[in-house]
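> Found this in Swiss-Prot, in case it helps:
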DOMAIN    4-143  domain 'PTS EIIA type-2'
MOD_RES   His64  phosphohistidine
ACT_SITE  His64  active site, tele-phosphohistidine intermediate
Amino acid sequence: MSQTILSTETIKVKAEARSKEEAIKAAGTLLVEKGYVEPNYVDKMFERETVTSTYLGNYLAIPHGTEEAKEQVIHSGMSVLVFDDPVDWDGQEVRVVIGIAGKGTEHLDILSKIAITFSEEENVERLLSLESAQEVLAFLGEVNE
């Protein structure tokens, strides 16, 4: 993973979304704007969500494309949206949405690092208290290693 996975340009603190769909679109749009994925990757994120929910627990959802969507991934990357107001994710409250695009099997490494971080409730609380994209990048920066 030579390219940066996460940058302040793909992090939004105090993000707003009225629905799960708006949140997925926002996460996907950040990946497109940064050049990580082709625009139709966002459609594949929605397709994945219809197959299985990307809600993981602890206020976290990790929308990502289907297996077929790998063709639309230019570089592995991640977008992070932190919401003050919870987003209804099929009846679950989500406050952090992490959009993921992985080249080859790199998404598995990214997912593993995120899962470890979010398995600790105090880490989730800390992330929710951060005020800037720079602070979020410092907190989640290990995904770039």
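Cβ from N, Cα, C; glycine included.
Are these features on the surface or tucked inside, and what are their neighbours?
Per-residue confidence over the domain 'PTS EIIA type-2' (4-143) averages 93 (mean pLDDT, predicted model).
The Cβ of His64 (phosphohistidine) lies under 8 Å from the Cβ of Met45, Arg48, Thr54, Gly99, Ile100, Ala101, Gly102, His107, each of these being in the same chain and 6 or more residues away along the sequence. Under the three-state DSSP scheme, His64 (phosphohistidine) falls in the strand class.
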